[in-house]
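Per Swiss-Prot, these features apply:
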type	residues	note
DISULFID	48-99	disulfide bond
DISULFID	143-194	disulfide bond
DISULFID	242-309	disulfide bond
DOMAIN	24-115	domain 'Ig-like C2-type 1'
DOMAIN	122-208	domain 'Ig-like C2-type 2'
DOMAIN	221-322	domain 'Ig-like C2-type 3'
CARBOHYD	80	N-linked glycosylation site
CARBOHYD	103	N-linked glycosylation site
CARBOHYD	113	N-linked glycosylation site
CARBOHYD	237	N-linked glycosylation site
SIGNAL	1-18	signal peptide
């Protein structure tokens with residue numbers, strides 16, 4: 001009887017075979033909610049999106065990056081793989097990138113959409129970051145989407161340009177990447193450019209961000225007229241008027257009354273209908289006035305308390321009246 005030959009597999013081959021056989025199936029978590037639009041020929045950093053959602057008890061052994069349907073030779077893993085870097089991207093680097101995290105028992109992956117565009121006036125709105133400040137206030141303009149580049153470098157070199165208002169003393173860069181604007185004016189609106197100097201290896205690259213600054217109309221706070229106190233008697237019919245004046249751009253407010261945790265609104269009577277609210281509105285070219293009348297009929301001893309007239313708007317305002325009974 002012949003003895004079948006014994007086949008000895010190299011240890012490394014056997015180990016690889018077992019690992020491949022036992023490798024967990026990778027869970028596809030879909031595409032990250034945010035898309036990335038970056039400039040051609042400037043460094044791009046993409047984050048591994050599922051890193052921040054992984055529980056503390058999960059031990060990651062490997063973080064891998066790949067581009068769907070293409071070679072991965074343009075991808076540079078950085079920060080222990082939690083981010084990926086492309087140094088000189090071209091429009092051909094646009095596409096879907098996948099971050100894979102795994103250990104011996106678990107694997108998941110999530111994709112990100114990257115679009116590389118050139119700098120031109122025709123697509124400036126596509127690549128700019130809109131920021132909003134209010135007229136006649138102190139506002140801030142921030143160089144956006146640069147945290148991954150500066151990391152622990154709190155003294156990053158960031159230069160602003162592109163708008164003549166940067167020469168005005170009201171605009172000051174007190175913190176790297178942040179412009180403080182004192183007494184914001186309408187003509188502060190426009191496009192601003194900030195450039196970060198990023199060093200990788202022995203070479204320095206420009207990272208450019210364009211901010212589209214919008215200035216909202218000056219917010220004029222509403223005014224309210226309400227007496228500090230009123231004197232009445234039990235059994236009488238009492239009406240207290242609260243007058244709210246609004247100026248553009250604020251043209252609407254929800255006006256109601258509060259007392260001892262109870263809310264009194266128009267068309268909403270209390271249990272016995274003794275306390276009610278009626279609102280009247282009139283409008284002119286320059287303002288809108290809401291007169292809210294709190295009606296108590298008849299007055300009872302329990303009404304000797306405070307009632308607050310509240311105008312819910314931006315910004316909100318309130319005043320309180322005290323009812324005294326003689």
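Cβ from N, Cα, C; glycine included.
When other Cβ atoms within 10 Å of the Cβ of residue 80 (N-linked glycosylation site) are tallied across all protein chains shown, the result is 10. Separating the Cα atoms of residue 80 (N-linked glycosylation site) and residue 99 (disulfide bond) is a whole-number distance of 13 Å. Under the three-state DSSP scheme, residue 194 (disulfide bond) falls in the strand class.
Closest to residue 103 (N-linked glycosylation site) in space, going by CA atoms and restricting to the recorded positions 48, 113, 242, is 48. Long-range C-beta contacts of residue 242 (disulfide bond), restricted to its own chain and to partners at least six residues apart, with a cutoff below 8 Å, comprise 224, 225, 226, 255, 257, 291, 292, 293, 294, 309, 319. Looking at residue 99 (disulfide bond) and residue 143 (disulfide bond), their Cα atoms lie 27 Å from each other. If you draw a 10 Å sphere around the CB of residue 309 (disulfide bond), it holds 25 other CB atoms from the protein chains shown. Counting other CB atoms no more than 10 Å from each candidate's CB, the glycosylation sites 113, 237 peak at 113.
On the 0 to 100 pLDDT scale, the domain 'Ig-like C2-type 2' (122-208) averages 89 in this prediction. Within the same chain, residues at least six positions away from residue 48 (disulfide bond) with a Cβ under 8 Å of its Cβ are 63, 65, 81, 82, 83, 84, 99, 101, 110.
In this structure, the CA atom of residue 143 (disulfide bond) is 22 Å away from the CA atom of residue 113 (N-linked glycosylation site). In this structure, the C-alpha atom of residue 113 (N-linked glycosylation site) lies 24 angstrom from that of residue 194 (disulfide bond). Secondary structure of the domain 'Ig-like C2-type 3' (221-322) per DSSP, as helix, strand and coil residue counts: 3 helix, 59 strand, 40 coil. Following the DSSP three-state reduction, the secondary structure of residue 103 (N-linked glycosylation site) is coil.
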